[in-house]
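Report on one structure; see the data block that follows.
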Ligand SMILES: NC(=O)C1=CN([C@@H]2O[C@H](COP(=O)(O)OP(=O)(O)OC[C@H]3O[C@@H](n4cnc5c(N)ncnc54)[C@H](O)[C@@H]3O)[C@@H](O)[C@H]2O)C=CC1
Ligand SMILES: O=C([O-])CC(=O)C(=O)O
């Protein structure tokens, strides 16, 4: 299994590191446009191998896609992160061009790859990569749902003073303030969460989850990377090991949930072919209304992208 991570910044380097120390791939190529940075970080990760005991080979590349040739999975993290006061959508102008040119190179050198987008605005950058690559939708997906769900699970674990391992949840929709956490599908060791926490406290956790990315941007002056990098690596693992894990993943909807031609996070089965199946939940009217709001927002930003072209 050969995996390329494009963008050797905070998220990309973290993802490459997790891929290596968890031996998810035999070879990880880290690529960036900044001279020497990807080579340096790949070398640093390789020099950690005798300490942390792994044998994944990590290779760096300054914009030389020949080194990425024949990758099975490509994770695209290249692009600007936001600064305090910005929304993810504010990044579209710069990141659309970056994701487009990176995708063109990926297609040329790894025509059979599965592409995982991380760059923001996530749902619309997944759209950009999909239309540029012309790959089937099952091979072009965005990472956001695992991260958003992890934040929700972490906040719940803290509030209930239980292990985050025992909290299972689904979160749908776009990667932004219109994301749709689903308390009805949230359990703690199999127990419905609503039996363990009051409505007011749960609502506050849901609200904190929706603005979870912004909370970190405010604290750090740039966006998060440990959880995002690990979340992208977890998607790669599900594909590399054909685990058929059930994760919320951003994909083009083609009629599921009554939604067409929109890129939204939905629960899927992730395996060796990419998205093996989109799972359709029987949402109630309130949940469906929230998903429609999310669809409306993502479609607006998709139109912004169409008008850039
Ligand atoms: N989907 C999600 O849940 C998350 C998305 N993000 C997004 O991921 C992206 C990366 O974030 P960070 O790693 O924190 O940023 P960063 O600034 O640390 O790293 C980005 C890297 O991309 C590189 N780059 C720019 N243009 C390139 C090109 N054409 N080819 C190759 N490399 C190129 C830069 O040189 C830089 O090293 C941002 O757009 C951010 O908003 C971040 C966290 C979570
Ligand atoms: O908030 C940001 O800009 C980065 C991101 O998508 C996240 O951490 O959820």
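Each Cβ is built from the backbone N, Cα and C atoms, and glycine gets one as well.
Of the residues 88, 139, TrEMBL puts just one in the substrate site with 82, 120, 151: 88.
The record from TrEMBL ties 7, 8, 9, 10, 11, 12, 95, 118, 119, 120 to NAD(+), and of the options 32, 89, 112 it ties 32 to that site too. Counting residues of the domain 'Lactate/malate dehydrogenase N-terminal' (1-142) by DSSP class, helix then strand then coil, yields 68 helix, 28 strand, 46 coil. Sequence-distant neighbours of residue 118 (NAD(+) binding site): residues of the same chain at least 6 apart with a C-beta under 8 Å from its C-beta are 7, 11, 12, 15, 75, 76, 77, 142, 143, 228, 232. Each residue contributes its Cα atom, and for residue 88 (substrate binding site) and residue 120 (NAD(+) binding site) these two points are 6 Å apart. Within the set of recorded positions 82, 151, 175, the entry lying nearest in space to residue 32 (NAD(+) binding site) is 82 (CA atoms).
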